[in-house]
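Here's the structure we're looking at; comments come further down.
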Amino acid sequence: MFSYRHAFHAGSHADVLKHLTLIATLRHLMQKPTPLTMVDTHAGAGLYRLDGDYAETSGEAANGILRLAKLPTSKGAQPEDDALADYLEVIKAFNTDDVWRVYPGSPFVMHHLMSEADRASVRDRLKLFEIHPTDAKTLQGNIGQLEAGRQITVSAQDGFEGLKALLPPPPAPGGSRRAVVLMDPSYEIKTDYAKVHTAMQDAMRRFPTGVYLVWYPIIGRPEAHDLPRKLKTMAMQAERPWLHATLNVGAPAADTSGDPTRPDRRGLTSSGMFVINPPHPLKPALEAVLPKVLKALGNGSGQRWEVEAQRS
Ligand code: SAM
């Protein structure tokens, strides 16, 4: 039924944009002591080999995270001042030597930040959904190795549906509620675009102050172009701030990857992150680092980054 496996794409330029944005967002949110509910509606397997068959077949990590790993930029930079240095520090934490062999997916990125901020007391909750039976089992196995007593759950069910029961999140002792949701489908079937829109409409009705991050591929499909427009309209109608970041790493002249609409992301050169209720520092943080990311990952024509945002 589902053939998409994120192992082919782990550490790609799309993951770089997604996880950079996710980490910069979470860093800001975790400065407050109020408990945070984190939801990953499309979690994947959680941990990926960068030296395994999947990564080597696709070459996406080699043209993504492994190029960034060679940058000297992280040396001496303070993670809190440099979102790229922070991202690289997080990935580095999953690797024991200079040659990076492991890439953490979004569940482990979230767990890593949660562990750092949350070491003294069980504060935050992490809710993970993954529908592919094999990946859900792998994720469950990987997550099972984490410290006991944490409020982490893995559900092998539809994340669009599962999200409904989690919003609004439970109140903290002072009464305030906080949640951050990452929605990152594979867009293997084109109905995913409409499902994202519907799920976001529902989530905004249930919990308009949540922080929502949606990743999407920029490909030659009308649905892919419509999705950020629809999300922007939704945010503006709800009078909520939004941010839209895109990264196009370009295509080499000899690239004959063929049908740009194919959903398996081979040949994908461009993607976007749409964030509703982004923290204030996210825009300057991304504007500072995306030029550096593009310099390292860019190849051929069409290279471009953009960050657009509007406060409510
Ligand atoms: N968020 C992950 C990360 O950043 O590491 C990557 C997720 S990958 C792009 C999308 C995942 O969603 C795939 O593992 C796929 O099996 C899963 N999936 C597809 N449809 C789903 C659904 N309706 N509910 C939950 N998971 C789904």
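Just so it is clear, glycine is given a Cβ too, placed from its N, Cα and C backbone atoms.
Bear in mind that the values here come from a model prediction, so they are computed numbers and not experimental data.
Note on D184 (active site, proton acceptor): other Cβ atoms within 10 Å of its Cβ, all shown chains, come to 24. The feature active site, proton acceptor is assigned by TrEMBL to D184.
The feature S-adenosyl-L-methionine binding site is assigned by TrEMBL to H19, H42, S106, E130, D158, G159, D184. All protein chains considered, the CB of E130 (S-adenosyl-L-methionine binding site) has 27 other CB atoms within 10 Å. Under DSSP, E130 (S-adenosyl-L-methionine binding site) is assigned to coil, being neither helix nor strand in the three-state scheme.
Per TrEMBL, site 'Interaction with substrate rRNA' is recorded for Y4.
Of all the binding-site residues in the record (H19, H42, E130, D158), the one with the smallest CA separation from D184 (active site, proton acceptor) is H42.
If you take the C-beta of G159 (S-adenosyl-L-methionine binding site) and look for same-chain residues 6 or more apart in sequence within under 8 angstroms, you find V39, D40, T41, H42, A43, F129, E130, I131, M183, P185.
Annotated pair D158 (S-adenosyl-L-methionine binding site) and Y4 (site 'Interaction with substrate rRNA'), C-alpha to C-alpha distance, rounded: 15 Å. Taking a C-beta cut-off of under 8 angstroms and a sequence separation of 6 or more, H19 (S-adenosyl-L-methionine binding site) has the following same-chain neighbours: Y87, V90, I91, S106, V109. Summarising the environment of Y4 (site 'Interaction with substrate rRNA'), the number of other Cβ atoms within 10 Å of its Cβ, over all protein chains shown, is 19.
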